[in-house]
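*Asks:* Supplied in C-alpha cells, the structure appears directly below.
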C-alpha cells in the first residue's frame, strides 16, 4: 500500500519508523512547518520531519490544509492508497477525505468514544482511569467521531506519567496501525460505529496545571502525573512558580516493604510544607503527599530532599 503519513510531535515518530520498516511504501510525509525554539528562537523541524529527512523521504509542510488548493492538487497527484494521521496538528477538510483510496485514518490514544480531543492520555490519568488504549478509525468531519477499524487496550499503572503511558501507546499503536493497513489492503476488516457516551479531553493549559492543595491527595497525584512532563504541575511560593514532579500520598495504615510514614504522623494543612532530613511533605485536603522532585525558579528539576536541604528557613512555608 502506498502511504502518505501525517504527523508532527515525537510520539508520532515511532509510527513513522514502523511504517518505513513495514511492507508498505511511504511515499512522503506531511507535517507542521518548522517552529522557533530555544533561546535563539531558531527554526527547527518537527520530530517527524527530522525522521523523514533521515530516511530520505519527501516532506511537505503546509501552513494549513483548509482551502489549500495547491495541497489538494498535490494529494490528487500523489494518489496515496491511505493517509494515516497521528497528532498532525491541522484539521483535515472534507474535500480531501475521499482522495486516498482508503481515506484518512487516525491513531488516537484512547478507547473511543471516551476522551475524544487533544489530550486523551493526560485526561485518562487525571480521571483515575484504570485502563486506556489506542483506537484506529476513519477520519470524518467530526472530532474523533469516525467509524472504528481496530483497538487495543492497556492498563494504566499507578505510577504512570503522561510520558510513560504515551510512550507505551506510541509503540503499541504503531504495530496496530501496520496490522490494520495489512487487513485493509486484504479486504479483511470491517469498520464499526462508535458506541457509548463520549467524553472530551480538552487542550492542556499551564493554568490548569496549578496544584489545588485543598483537593484529595489521590486526585492531586493523578493530576500531577497527567501534567508530567508537559506543561508541568506547579504551585506558588511567595509568588514564585515552583514546578513539581510526581508525588506519593501517605498511607493511612502500614504498607509492606514501605518506608513511608503514616498519614497520621504527618499533620499538615492544605499547602503546608514540612521539610525533614530525607523527605519533603505537603498537606492536602485529605492526607499529606511526599514529593519526589522540585524545580525552583531558574533552576533544574532536582531531588526534593536535596532541594529541601537548601532551604535554610523552612518554618511556615505554605504553597498555593
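Using N, Cα and C of the backbone, Cβ positions are placed for all residues, glycine too.
TrEMBL feature annotations, pasted as is:
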DOMAIN    1-181  domain 'Formyl transferase N-terminal'
BINDING   110, 111, 112, 113  (6S)-5,6,7,8-tetrahydrofolate binding site
DOMAIN    203-310  domain 'Formyl transferase C-terminal'
*Asks:* Between the binding-site residues 111, 112, whose Cβ has more other Cβ atoms within 10 Å than any of the rest?
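*Replies:* Going through 111, 112 one by one, the largest Cβ count within 10 Å is at 112.
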*Asks:* Would you mind giving the whole-number mean pLDDT across the domain 'Formyl transferase N-terminal' (1-181)?
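*Replies:* It averages 96.
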*Asks:* Mind checking how the domain 'Formyl transferase C-terminal' (203-310) divides into helix, strand and coil residues in DSSP?
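*Replies:* DSSP classes over the domain 'Formyl transferase C-terminal' (203-310) add up to 22 helix, 29 strand, 57 coil.
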*Asks:* Here the binding-site residues are 110, 113; which one has the lowest number of other Cβ atoms no more than 10 Å from its Cβ?
*Replies:* 113
